[in-house]
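Take a look at the structure set out below.
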Amino acid sequence: MENREDLNSILPYLPLVIRSSSLYWPPRVVEALKAISEGPSHSQVDSGEVLWQAISDMRRSLSLSTHLLAPSASHGYALFFDELNDEKESKRCFNAIIPALAGLLLQLPSLLEAHFHNADNIVSGIKTGLRLLHPQQAGIVFLSQELIGALLACAFFCLFPVANRDAKDLPVINFDNLFASLYESYSESHESKIRCIMHYFERVCSCLPTGNVSFERKVLPAKYHNSLTTAPEADFWSKSDIFLCAFKVHPSGLIEDQSNNALEVDFANKYLGGGALNRGCVQEEIRFMINPELIAGMLFLPRMDDTEAIEIVGAERFSCYTGYASSFRFAGDYIDKKAMDPFKRRRTRIVAIDALCAPKMRHFKDIYLLREINKALCGFLNHRKFWQNQNLFIDKEDNGIQLARNDKDSGLLHTETTASHGAPLNDVETNRDKPASNFVRDFYVEGANCMDHEDDGVATGNWGCGVFGGDPELKAVIQWLAASQARRPFISYYTFGVQALENLDQVTKWILSHEWTVGDLWNMVLEYSAQRLYKQTNLGFFSWLLPSLATTNKFSESWPP
């Protein structure tokens, strides 16, 4: 265990110690957790106030300072458990849920040991163990839902070290700020966020889930790099002859309720989760509350660079809700009926991409348009398809198929890998100590695409247009361009009733009827943006676009068609 690179990467951010190739809780923490697990008659933990005292004692036993936690956290735990819960709810928490969480947390060392023991066997040649996935380091981590439950229990008890997280650009992970914010600026929406989390804990403690969740850092592939930049330039997009994909407009409905198994977009902060464990309560934060397993990624995924995205597959949904932002309310239990893939992950694929914050007129500059479209491309790109377009050769002796690319700079052979049953992975790290002939087997067997779901479209909406202040019309078009360039078959676009997009369906149908390419539409975006930047027009993109089309020689038809 001590020699594992992945474990050594994450160990400073865990509250455990390693000794003789085993992971341990310190004895005093074991004693405290055992007492809590046996209920208030043994631990005396029967209120939020006493619970916080127990948390503080355990942190001291771990040599972790409570001064690094939010000062109002103790008041927040007391407010939620002692004042906002009625007597019945309080008894259920302290007699059942919190003891079960302590029991689960006692298993964290053994769950992690089992995780690292199995991490090298999930997908042949692929590193899947828990570790920091640093910026510009493409990689994937598989976690069991049981292990995620233990990690989130650790966050609830605020036992993760926090001193070095800022230095690695890691998001917050303990729940101290979540509860402190409840006390500092109470709102029903914030109370509902905590109720979603407690409902998740109640479900997990009553019946441990048995699936897996994968967390992948996606990095824009080398195909789109040149020697000076790390993403496509305007010329790349202007010359693209790929036709635009189908576009389906949904004036109502929610991304998470889509039924097409599409890639679901998380309108993310560059720090995964955004304000989920603080005061935030918009699209990303709500998703993290109803699918709390997403929070586990905040432990080990530092902030995203401009050419990165994070894709999470398999997170189960546990809660229903109503409203948005200040009107958000927990609305009871949700039974997730999504089917499992061969890796025991629910077929829910969420991709986190962060938009420019408060772009204002910057939005119309080429450099920022490129930033946004390349960010979306990274999220939507099917990395397996990219590698499939590289040099393909067959290893006859192994009866397997390899996808390989020679990297002239490094001399390394980059090989896409599959699971033992033929399931291809995305662009992730490979174990280069193993012979390349062992990497790929039965690549084209039926069901070989279970990792990438290559025929999936994209379910999205007004990315970066809420508190981030982006332009809804431009953001819709940018995502359409990126999805098309990524060869996604369709976009399902949820407008959430935004008035600026009331003509979106008509505009996209008109463009599709004229068989525009990505390059055609991108060039229109550039021309419009230049005019906005130099104050030659103040029209929205759609209003600007249609009159210009009606007067061009290339498109002589008037609007509407």
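Placement of Cβ uses the backbone N, Cα and C atoms for every residue, glycine included.
Here TrEMBL flags 86-217 as domain 'PARG helical'. Residues annotated as domain 'PARG catalytic Macro' in TrEMBL: 235-502. Taken from TrEMBL, the feature active site applies to D266, E284, E285. Annotation comment: TrEMBL describes N269, Q283, Y324 as substrate binding site.
Positions of the features from TrEMBL, shown on the structure.
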{"residue": "D266", "record": "active site", "Cβ within 10 Å": "28"}
{"residue": "N269", "record": "substrate binding site", "Cβ within 10 Å": "23"}
{"residue": "Q283", "record": "substrate binding site", "Cβ within 10 Å": "24"}
{"residue": "E284", "record": "active site", "Cβ within 10 Å": "23"}
{"residue": "E285", "record": "active site", "Cβ within 10 Å": "21"}
{"residue": "Y324", "record": "substrate binding site", "Cβ within 10 Å": "16"}
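In this entry, substrate is bound by N269, Q283, Y324, whose most widely separated C-alpha atoms sit 17 angstrom apart.
Counting in whole angstrom, Q283 (substrate binding site) lies 7 from D266 (active site) by their C-alpha atoms. Using a 10 Å Cα-Cα cut-off around E284 (active site), the recorded positions D266, N269, Y324 reduce to D266, N269. The DSSP breakdown of the domain 'PARG helical' (86-217), given as helix, strand and coil counts, is 74 helix, 13 strand, 45 coil.
Cα of D266 (active site) to Cα of E285 (active site): a span of 9 Å.
Across the structure, Y324 (substrate binding site) and E285 (active site) are spaced 10 Å apart at their Cα atoms. Confidence over the domain 'PARG catalytic Macro' (235-502), given as mean pLDDT on the 0 to 100 scale, stands at 79. Recorded residues E285 (active site) and N269 (substrate binding site) have their alpha carbons 10 Å apart, per Cα-Cα distance.
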